[in-house]
Amino acid sequence: MKGGTVQINWHETKPVLTLDFHPLSGLLATGGADFDIKLWLLVCEEQKKGPVATYQNSLTYHGSAVNILRFSPSGDFLASGADGGELILWKLHVGEAGQTWKVLKTLSFHRKDVLDLEWSKDSAFLISGSVDNSCIIWDVNKGSVHQILDAHLHYVQGVAWDPLDKYVASLSSDRTCRIYVNKPQTKGKSSEKMNYVCHQVISKAEPQLPDDSRPVKSHLFHDETLPSFFRRLAWAPDGSFLLVPAGSYKLLPLAEPVNTAYVFSRRDLSRPAIQLPGATKPVVAVRFCPVVFDLRGSNSAGFFKLPYRIVFAVATLNSLYVYDTESVPPIAVWAGLHYAAITDIAWSPDAHFLAVSSQDGYCTLVEFENNELGSRASASVEIKVEEKKSDEHKSEVSIESTTSDRNTKAQASVESTTDDRNTKAQADERDVKEVSSIVTSSSVPNKQAKRRITPMAID
């Protein structure tokens with residue numbers, strides 16, 4: 001592998017806040033504090049120490065800083081969110097003169113800055129998170145709000161859509177991660193309306209202590225003083241686990257908190273199954289490689305038990321780690337890449353490039369040689385999680401519904417797994433080995449919002 005920080009004029013020397021690769025063409029799109037979206041072509045030159053980015057064109061429409069952009073899985077659309085609640089849908093037009101992106105719709109409802117968004121796998125829906133404390137699920141075809149999830153008490157800084165379409169997840173500076181499950185409502189005689197209700201509220205946990213002393217629950221996530229606007233979480237491409245940044249846990253009640261990212265197994269989303277090895281700075285973003293690889297068979301001590309290897313990147317404020325599901329330590333580490341906080345991560349569709357953006361106005365590009373990450377998984381390997389509904393029904397216990405409108409506009413019932421012992425016994429070890437010292441999670445009732453402290457960029 002080779003690469004480094006590419007010192008070109010990305011966004012008029014202003015912060016680069018987000019980036020993403022087109023799933024088909026491999027073009028890199030970046031969004032910045034100059035209000036523009038720019039498209040770049042990455043090429044490899046043998047004489048260079050890393051990939052070269054060549055400017056293609058700009059998409060100019062936003063009137064404020066672009067915080068998040070994501071291409072749809074189909075490649076036909078681009079969604080971009082900005083300060084002030086701006087959320088724009090762009091559509092790809094192919095003509096004799098080539099490909100051009102034009103504004104399709106403006107999605108208006110958020111009252112404040114849009115910080116993160118994610119597409120559904122079929123490109124028909126979109127979820128966005130905002131400084132107005134809410135998540136909104138959008139119907140892309142209609143260009144309208146499908147559902148509002150507004151139970152968070154502070155900024156929603158990360159959202160993720162389950163590739164199997166059963167869950168969506170959100171992460172907030174109120175120190176909670178919320179998991180919503182789709183419970184369709186009957187609409188007419190033969191159709192159902194997608195409807196997400198709160199399934200888990202992950203906030204605190206208690207460590208296992210060696211003596212008989214009473215454990216003290218501690219928060220799993222950083223509070224609003226985390227010096228980043230983003231907490232970008234993500235689902236694995238097969239939906240087998242959820243990776244959540246901004247983790248902070250204590251091994252002992254009086255110990256200093258350790259920065260981490262948590263892995264939640266799909267079989268038990270009530271508590272972390274794994275804590276990734278501690279980083280010196282808080283984790284602000286995670287992103288999965290879209291390519292799945294064959295097992296190497298070189299390490300049997302990995303955390304996961306999957307028939308293939310999944311590779312993912314974890315970014316702290318100042319470092320980048322690359323892990324795979326077959327190894328315990330990271331397979332690559334880059335430290336001291338930027339002078340200011342990292343803001344986003346993106347993989348090219350062929351896993352040839354890994355890109356990182358930063359508030360210092362530059363991006364880092366890493367190039368992987370052929371088969372350096374491994375051999376692409378064979379076609380005979382079906383990348384799909386087989387959900388056992390009977391097992392899930394046994395491990396999920398419906399508790400009293402919440403009548404507060406703060407959970408969802410649809411007055412959804414709140415569900416949570418209440419029997420930790422049953423859940424632990426039923427956790428599927430075929431997917432993930434539980435190695436974490438954290439053994440419980442708790443659902444916290446709604447409390448008065450804390451005094452808001454706007455995150456600041458690090459020096």
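Residue numbers in this text run from 1 along the chain shown.
Just so you know, glycine gets a Cβ as well, placed from its N, Cα and C.
TrEMBL annotations: computationally assigned, not manually curated.
Marked as compositional bias 'Basic and acidic residues' by TrEMBL: 385-397 (among others).
For 398-416 (among others), the entry in TrEMBL reads compositional bias 'Polar residues'.
Taken from TrEMBL, the feature compositional bias 'Basic and acidic residues' covers 418-434 (among others).
Annotated compositional bias 'Polar residues' per TrEMBL: 437-446 (among others), in sequence order.
Per TrEMBL, domain 'CAF1B/HIR1 beta-propeller' is recorded for 1-373.
Look at TrEMBL and you will find 385-459 tagged as region 'Disordered'.
Long-range contacts of the repeat 'WD' (16-40) within the same chain: residues 10, 53-60, 62-75, 78, 80, 82, 99, 101, 229, 290, 343-344, 346-350, 353, 355-359, 361-363, each at least 6 residues beyond the stretch ends and with a Cβ under 8 Å from a Cβ of the stretch. Residues or ranges marked as repeat 'WD' by TrEMBL: 16-40 (among others).
Assigned with DSSP, the residues of the repeat 'WD' (59-100) fall into helix, strand and coil as follows: 3 helix, 26 strand, 13 coil. The repeat 'WD' annotation in TrEMBL covers 59-100 (among others).
Per-residue pLDDT, averaged over the repeat 'WD' (107-148), rounds to 97. Marked as repeat 'WD' by TrEMBL: 107-148 (among others).
Same-chain residues lying 6 or more positions outside the repeat 'WD' (107-148) and placing a CB less than 8 Å from one of its CB atoms are 67-68, 70-74, 76-77, 79, 81-89, 154-161, 163-165, 168, 170, 172, 174, 194-196, 229-232, 408-410, 449.
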